Amino acid sequence: MSTENTLLKNVKTVPTILLSNAFSMPMIGLGTWRLNRNPTDVIYDAIDVGYRHFDCAHIYRNEPEIGKAFKDLLQKDVIKREDIFVTSKLWNTFHEPSLVRKACETTLKNLCIEYLDNYLIHWPMAYKEGDELYPKDENNRFIASPVDYVDTWKAMEPLVDEGLCRTIGLSNFNMEQIERILKVARIPPSNLQIECHPYLNQTNLMEFCRSHNMVVTAYSPLGSPTSPYKKPGKYPILQNPKVLEISDKYKKSPAQVLIRYQIDRGNVVIPRSASKDHMRENFSLWDFTLKAEDIQALNELCFHGRYMIMVDAQNHPHHPFADELS
């Protein structure tokens, strides 16, 4: 374990951003999708490095293991509940309003905590309700549910009223879909989580979110090298010549440059890593900032190259990227 002084220094160094409900969100967190190591051990290591923001989801199927670490660390007073910021997400098969609260309670039980700091609708597409999390037809296409995500949102709002969630938001929604939510929302979304990196810089969506007081969280900031989908671009982002050039300029790793790129644009960022060495590298960002011309150079790499396309659901009426797949 790190020394207490080093640990406190790491934690205190992390900047936060204020959400619309006045809660603060650390600007770097740990993504927990597709961890290739025991998630309990990953959380122990992440806490030791200094991470206090954890991005989880029911569909990642590792919340019980993550919860085991939280429970142990809380019981041993290594951390206090108010020291960590925990996000989770409502999966597509639980969009039916009558299922929303139960899904949230299941996540809380699995994570061994009494409330979520942030709860997001994971995707706008509702899937057929039932035990199967990936319901598919004979053509390997997801089976849609007729539930409208607007009605799902209305079922999310009472979770805030009842103290189960401090903040609610969206993930993988496009502008038109967000606008539909905003028109009916009693509690507006505070956060939008989206894929974001130089190949998909999301500048327009970022500006839209800022105009509606929504914080953007960038997932796959390193280009999602382990995602199961086709990789766009001539080079993996981490090997792009421009990224390498900027990396050399600052004497930082390509990963550090790409993570700092998000923070310097005002986005929260959640790189995923199961390696403690990589976690430490990804977290060591606070002794440099990117110059405006380097941010612009990275922005110019954009060709709307998306990794997380959910192609098997492209016929769903609420698919957020259907226009890109047609």
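Backbone N, Cα and C define each Cβ position, glycine as well.
All annotation found in TrEMBL is predicted automatically rather than curated by experts.
Take the CB of TYR60 (active site, proton donor) and look out to 10 A: across all protein chains shown you find 19 other CB atoms. Feature annotation from TrEMBL assigns active site, proton donor to TYR60.
Non-local neighbourhood of HIS122 (substrate binding site): ALA57, HIS58, ILE59, LYS89, LEU90, TRP91, ASN92, SER171, ASN172, each in the same chain, at least six residues away, with C-beta under 8 Å from its C-beta. Under the heading substrate binding site, TrEMBL lists HIS122.
The domain 'NADP-dependent oxidoreductase' annotation in TrEMBL covers 28-301.
Positions annotated as site 'Lowers pKa of active site Tyr' by TrEMBL: LYS89.
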